[in-house]
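As recorded in Swiss-Prot:
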- Ser101: active site, phosphoserine intermediate (ACT_SITE)
- Ser101, Asp242, Asp244, Asp246: Mg(2+) binding site (BINDING)
- Ser101: phosphoserine (MOD_RES)
Amino acid sequence: MSRRYFGTDGVRGRANATLTADLALRVGMAAGLIFQRGEYRHRVVIGKDTRLSGYMIENALVAGFTSVGMDVLLLGPVPTPAVGMLTRSMRADLGVMISASHNPFDDNGIKLFGPDGFKLSDEVEREIEELIDEDIAKRLAKPAEIGRAKRLEGVHARYIEYAKRTLPRDQTFDGIRVVVDCANGAGYKVAPEALWELGADVVSIGVEPDGMNINRDVGSTSPAALSAKVREVRADIGIALDGDADRVIIVDEKGHVVDGDQLMAVVAESFKEDGRLARSGLVATVMSNLGLERHLAGEGISLARTAVGDRYVLERMRADGYNVGGEQSGHIILSDYSTTGDGLVAALQVLAVVARRGKPVSEVCHRFDPLPQILKNVRYASGRPLEDEKVKIVIADAERRLANHGRLLIRPSGTEPVIRVMGEGDDRDLVENVVDDVIDVLQKVAA
């Protein structure tokens, strides 16, 4: 059954257009009613990134939750994984993160976490959807039972200490020069501070949010600024987070980007060496490079694949007992520590491997040669371009041409009106030609 409000990562849309204060109010009321079960006082924690619209959505959510009798703890700008962690730590019934992750500032979103700190299941989200469009006014709290809202103090210190505890107590990064790019987003305070407390020589960029510059030419989706700064200050490593700090990419001392596939290999091999890699394998999506799978097989590590989306990676990890998973885009999930992707924690694990090896990042983190992979996007205004007959024909022809030489993956984004076309194979020219042929037809149909 199609869903009206929830996508693959919560409720998301353009601020004050599809994601309005009224919708946020109703999400708060509906979610509050679903999680208000029992006679005790109910509690929700709300965090956000640095988008201008976060103020509007935060206040609307507070009104929604308190109107149905839930108390609210406001965290302010914090990484998404901090919300999962604090939902559990504060024994809250529900956690909320206001963010559109790596999207531009004029988008925003509402991610919901259960009392266990994990994102809600599809089933619970469907329950909330059904309530959003109902007449909830009949179920509002009595005047004496309206909830209260307050700001929680010391949030950043709590999260920093949590992140540091994922390392051995004697682990330091003395003598390592780190450039950290916080995307002008949720990690702009905690990431530089955590690295400094661990002894690193820290140079920070993307730490001056103004409400509209989140992810703009900085962060994990725009690594050029980080690469340039690493070379400029002769740093040992660069770390780039995205807007809500749940994903990370690394830049080596030469300014070369290390993506999530390479980072998963680094962490999985380190965990295996220490005897703590569950099931001797990891979970990644269909987007991860075939080179990763081949490399891991040579290291005695299996790779299980899922649909695209960190929630599906995590579901597979929880169902089958894996403790390492992630996406090529930099969502790295280490379930021994976190209930979601955590850019800072993943970066600390990689830094620990670098410190232990005592070698340049270019040697430590480039674990395999990826197969040529071409990824292109087509934006569309409406309709279902993939159901067009001309598109079906060109896709079938592309799959035939790549049959014995690689693979083709075409999928609509779960968070925006975009179709992603990915081709991969041993012959780069063939892959590029195949992808371009599909893109040409899609663009004509989508126009």
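One is the number of the first residue shown, and numbering goes on along the chain from there.
Using N, Cα and C of the backbone, Cβ positions are placed for all residues, glycine too.
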### Summary
Around the Cβ of Asp244 (Mg(2+) binding site), other Cβ atoms within 10 Å, all chains included, total 36
### Query
Quick one: which residues besides Ser101, Asp242, Asp244, Asp246 have a Cβ within 8 Å of the Mg(2+) site's Cβ centroid, in sequence order?
Asp49, Pro79, Thr80, Ser99, His102, Gly185, Ala186, Leu241, Gly243, Ala245, Arg247, Gly341, Gly343
### Cβ contacts of Ser101 (active site, phosphoserine intermediate) (under 8 Å, same chain, 6 or more positions away)
Asp9, Thr80, Gly109, Asp242, Gly243, Asp244, Asp246, Arg247, Thr415
### Query
When you measure from the Cβ of Asp246 (Mg(2+) binding site), how many other Cβ atoms are you left with inside 10 Å?
34
